[in-house]
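Below is one structure, written out as structure tokens, with a few remarks after it.
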Amino acid sequence: MVIKTQLATLGLFDAKVPRYTSYPTAPQFRNDVGPDLFGQWIEAIPEDSEISLYVHVPFCRRLCWFCACRTQGTQTLAPVAAYVEMLRQELALLAAHLPRGVRLSRLHWGGGTPTLLDPGLMEDLAGAIFNVAPLADGGEFSVEIDPNEIDDARLAMLSAMGMNRASIGVQDFDAGIQQVIGRIQSYEVTRDAVDMIRSHGVHSLNADILFGLPNQSNEKITESVQKLLSLSPDRVALYGYAHVPWMAKRQQMIPSDALPTPEERLELFETARRLFLWDGYSEIGIDHFATTEDSLARAQREGRLKRNFQGYTDDATDVLIGVGASSISRFPQGYAQNAPATSVHTAAIREGRFSTSRGHLFKGEDRMRGRMIEALMCDFRIDAEEIRRDFDIAPEALTAIFADAAAAFPGMVDHGAAGFAIIPEARPLTRMIARAFDAYDLSMAGHSSAI
């Protein structure tokens, strides 16, 4: 494989790069963005516009060892109920700053395990959200569902509240791998959850599956993908397992000597990728797949694909507000992140103030470089005319940026006056190539493997 040879020659198999769900990336956030500025950004949202809302529920019954998400374990409902009450207060605070007539283009509940909430808490939370802003016509309400933590009563409530897309995590169906990563979830449990979801009229289904897990082989990932395909998800995210035990201490439970090499990770990805393509899925960006009639595939065909903290999206709004501990918000002016610790976030909300602890105020070339990186991540190409039009950059200056990036990846990109493009064979390297457009120092950020 040419790409494998080039990777080895350039020493890129061990590269650590961002996933570029934002630009600048979260490690560049600083404490010069606080509650007052966050409130001002909310108040600057145009009246009668559409925004997206993300709600973070940082609780799980059991902590999966592979997971690096901000979450905590609980065996009782009491802390979850207290957290939902805090969310209601936070939403009321948001409502006090939000201009009139704002509607939700997208609403997503993530975590953690949002389905730890019982039906009553689900109703309370959804009601509090829709008191702040209703779901827009054609809007999407999605929930991350743990097949181990769902039942008919919960799904009935979510459906009644307007959930129209569900997301499930699969990771891998191999029982041995599940033991090693601390996530026990059989195919039968997953299949039954999917059947239950669809029985409640929710026919849009996302699924996540991982490559690069300990003891994973081409044979094992083939079997897992085939089982997942039997469930007919509308969208699939094929994520590379990010082994970052210095950030997520629970990952120290996973033996590093059982992890595949970067070369093996690339083969695992290609094995799974081929299976999705053979089954008729459209390839979306670097790691997503969708049925041809899914809105994500349509957005890609029409040049409307975007990227945010949840991955790829067809959401056209430029404001995403994050509610709950550690949530990140995106505005035209920059990024703002809530306090990561649940206790600190809760204390601030109870005092009647936002918990914004850090963020980033856009400056200089941030927006332009962010647009170029997003274009590469979504479409593998940058349209020079669009960049010049929207950011008033001289043609020779833009050409110089393209030339500098191309010099680091000989034979992997095409560039000229019309733009910059990654050749199809080099698309597995997209994150690394996008890094060439990143003006920030990434040396101390501790990002995950590029492959």
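Each residue, glycine too, has its Cβ placed from N, Cα and C.
Binding of S-adenosyl-L-methionine 1 is attributed by TrEMBL to Gly111, Glu144, Ile328, and the same site annotation extends, among Tyr54, Tyr187, Tyr281, Tyr312, to Tyr54. Site annotation for S-adenosyl-L-methionine 2 in TrEMBL covers Phe66, Cys67, Ala68, Gly112, Thr113, Gln171, Arg183, Ala242, and the matching candidate from Asp36, Asp137, Asp151, Asp208 is Asp208.
Spatial neighbours are here defined as Cα atoms within 10 angstroms of one another, and by that definition the neighbours of Cys67 ([4Fe-4S] cluster binding site) among the binding-site residues Gly111, Thr113, Glu144, Ala242, Ile328 are Ala242. Residue annotation for S-adenosyl-L-methionine 1 gives Tyr54, Gly111, Glu144, Ile328. The furthest Cα pair among them is separated by 17 Å. Closest to Glu144 (S-adenosyl-L-methionine 1 binding site) by Cα-Cα distance, out of the binding-site residues Cys60, Cys64, Phe66, Ala68, Thr113, is Thr113. Neighbour list (Ala68 (S-adenosyl-L-methionine 2 binding site), Cβ cut-off 8 Å, at least 6 residues apart, same chain): Ala242, Val244, Met247, Ala248, Gln251. Residues near Thr113 (S-adenosyl-L-methionine 2 binding site) in space but far in sequence (CB under 8 A, at least 6 apart, same chain), listed by position: Val57, Phe59, Cys60, Arg61, Thr71, Glu144, Asp146, Glu149.
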